[in-house]
């Protein structure tokens, strides 16, 4: 049976190993298929959607199969448990049988020793009989002489003697018969009591095993208590960390409040500055209105003068020399270019965070000198204007365009430039936001790294300590059947494995987030650079167009080739930059796709983590349910054990009473036998002379009772503890003659009626063991439980030659010890079980409270984290709004500066004609503004005013939002205070629970110490009671022997003269009785030897037969198991071969059908597309998708054959599962297996026929 169970266990282990290998292979296949799936998803999303539906269906089926496999594994685990229970039961039965055999062997040894002693007695008796015969012959010769003298007296006494002999004979016969009846009844009762004691010893052994299990449970409870302490420590550390985090949060809230206050102050200062600017702008607006009215008047006068001066301008053009024109014409575009560059730099300066002065900007080393004076370059001084007009009026006319067109073009360019700069500013703001987000995330990751740094340091320290210790085997993942209990090493190993996986996933997630942030920042920077490049390109385009237009209008003698080459070069640059922008857009798209892939991978990792957490929670719930069931079962078993202990107590009390009665009866019988033997000795020594009789009695007393003198000496003084060995007779004297202890050895325990008070010399050894265990620090109970057989073995080794009385009293000692253990065990067990139940209840309550507090703390932490995340998001949005408002304000300030400069310019223009002397023909300056420009300025002013209003509204709204955020922050601080109070309360609870646990520990230590002291006192009391019982029993035996000697002496003295004459007849009668007794003893010895011989022969035959039968059964079982394994391997191989053949035939069929379809497509493709174009298209598609043409062809063919292949695989897998299920049965059905194989063979036959038909058709077509 054991070999069968071991073979089944090995088979199960092999199956588990194969399943684990398949699981690893499946995981590798899953990773490979996942990578292929990503590529296919990028290539064809429609196909991936269809495949995902099929995969979901297959996943559901696989989950069903996994559930079945798990059920099968659970059934196998239950079978393994049953087999282990059976093995433990058989081991217990074998141990009980071994104990019984040792007891039988001991009894046999005792019987053999008793037989040897009886034989020795018979030899002594025969020698005494010979001596008695010689003395009788001598006495007959001596008595013949006295016969004549005594005949008269003998004739008178003969009648009296015959009557007395008749009476004694009748009485002795009656007594002997009664004694024999009583002896037979007593033997039967003793046999029944021995059977009862053996059954009780078996029950006691079972109880001891139960006690060992209880001790193991107690040790497990101790482990759970240690785990609870660890949980308490972790919760306290977690609370401390939470307190630190709350302090950090409070500091952060204070910082945020300070920042908000600073922002409010900045906003108030900005609003005051904006108000001042608004007032100044309103004043400027009024001045502009008055200037506009005057300009309208001057414009009406100028239009009249222009008609008159047109002819003069034509004449002045004709008089101009051609040389200075290129310089003058080139100065306008250069000035405009410098003006545009300077304007762009001025608009970019506030974005960069630097504020230039409003009217006098400082020149930079990189800028040309003309860039520092923007407006005079566009409008020259009045003197130069007059000089140029006098020299060449035509050149001046060609150089200075009309004021309205120039103003309109400048205003349109400025608006476009402003829009571009706003777009660039927005992109820069996005880039800054991305950088800020990345910085925030990096700071969060840094905090996590700082939090994990302590854990890593502890792990490193533990690893360094583990390197110094001897290394064991590498810890792997636990088997599924080891996860049945909640609090075991396998569960903690599995949790450690999942923790490592979670740590790896978090590290990978952090790395991916870092890369994602870097890509986001890079994308924002790329967008900003792209916008800057667009602005540069637009500026270069405008400059080139302006140069071309100016070159076409101005008449110059310079060649046009260099300008055309520049235009071509600039166009090439523009094309290159556009291509670069296209590549950058593609790169951003690729980065966005990678970001999406990373987010999907992160989502998958989170799903896997959630799945693992759910499985862990399920395992914990299952472990808790198992623990509750085991606790209920232990309670029920404890109640059952209590009931059984009470029943055993009642049975033991009855057995004690019966044993006491039997002892009393045996004592009476042995006393009567001792009296008869003494009378026999008296009658034998009656015929001897008086001196010889006295000396013979003395020598016989010395031989038979060698310990009486010593006992008298020992008991004459006070009894001491080291004089206990003097009571036992000498082994050398015991072999020579029988002692009174041999006759009356039960008298030592005759007066010890209660089994609890009776002790013997064997009890001294466990006391020594207790002392040794106390000295070594090991508990006494654990030592006695772990080494239950050591005291008896040690006693046997150290005292192999003890007397027969002690050997015979061994069974009685065992019975009394069992009775004492049975009497003491239920009460102590009851008390220990009650105390353990109370401790278990307290520990479970504290554990539940700890778990509850941990859950509450986790929930509060999550709520706080979510609230902090919301607050940080709101703060970030507020910062973004404030930054946007500051950028808008900077833009408005720049626009204000521009407007102020324009106003200054117009004022200078209006001042110049008033300062000039009136000419003969009052000409107006040609740079006077037109009404359209004034209207545009008005519109710009209105727009600026609306922008100011919107910005002021935005500022007010932001202030209200800041106030709301401040109120929310106050609420959050209050909530944080409440949470801190809760955390403090939880810490106080944890502290109180720790104190309670410490109190329980101290109480347990105190109870253990008191228990040890009580055990020591009980052991000392037992020793004292044992010594007192031994002394009392020895004294009683000594007194009884003295009484018997006195009675014998008185009887000898009274009957000596009356029985002296008729000793011959008595001797003859006694000789006859001795012969009869010898014959009976010899017959009993022969019968006993025959019985022993037959019993030993039968036992040997039975042992040989059982061993032979077991060997044959084991061989048959091995052969059958090997045959069964071979048959299963054959069936599996046949099934796999059939499946392989069918799959090959199906693949060939698919290839043939594919070839037919390809031929059909080829025939149809001749009409449509050519073969070369199809091959070229396939190669281009494969190069785009980065895969081979065969993979592309397989991917294109999956739409047609994917469903068929999946269905075939599913059917084949179902068929293979069915075959494996039939083979896994305890008694596999040959009919079912044959039917399944026949179906697959028919299918292969049909497929081969179809393949043959298709091949013949193809060959005919070919």
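Placed from the backbone N, Cα and C atoms, the Cβ positions cover glycine too.
Nobody curates TrEMBL annotations by hand; they come from automatic prediction.
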- prompt: Given the ranges 854-909, 1190-1245, which one is assigned the annotation coiled coil in TrEMBL?
  reply: 854-909
Matching range for TrEMBL feature annotation, region 'Disordered', among 467-517, 518-568, 773-823, 926-976: 773-823
Message: Among the residue ranges 599-618, 619-638, 639-658, I'd like the one that TrEMBL describes as region 'Disordered'.
response: 619-638
Message: Suppose you had to name the range TrEMBL annotates as coiled coil; which of 414-466, 679-731 would you pick?
response: 414-466
- prompt: So, by DSSP, how many helix, strand and coil residues make up the compositional bias 'Basic residues' (1150-1159)?
  reply: 10 helix, 0 strand, 0 coil
Statement: When pLDDT is averaged across the coiled coil (934-1130), the result is 80
Query: For the region 'Disordered' (619-638), what does DSSP give as the number of helix, strand and coil residues?
result: 20 helix, 0 strand, 0 coil
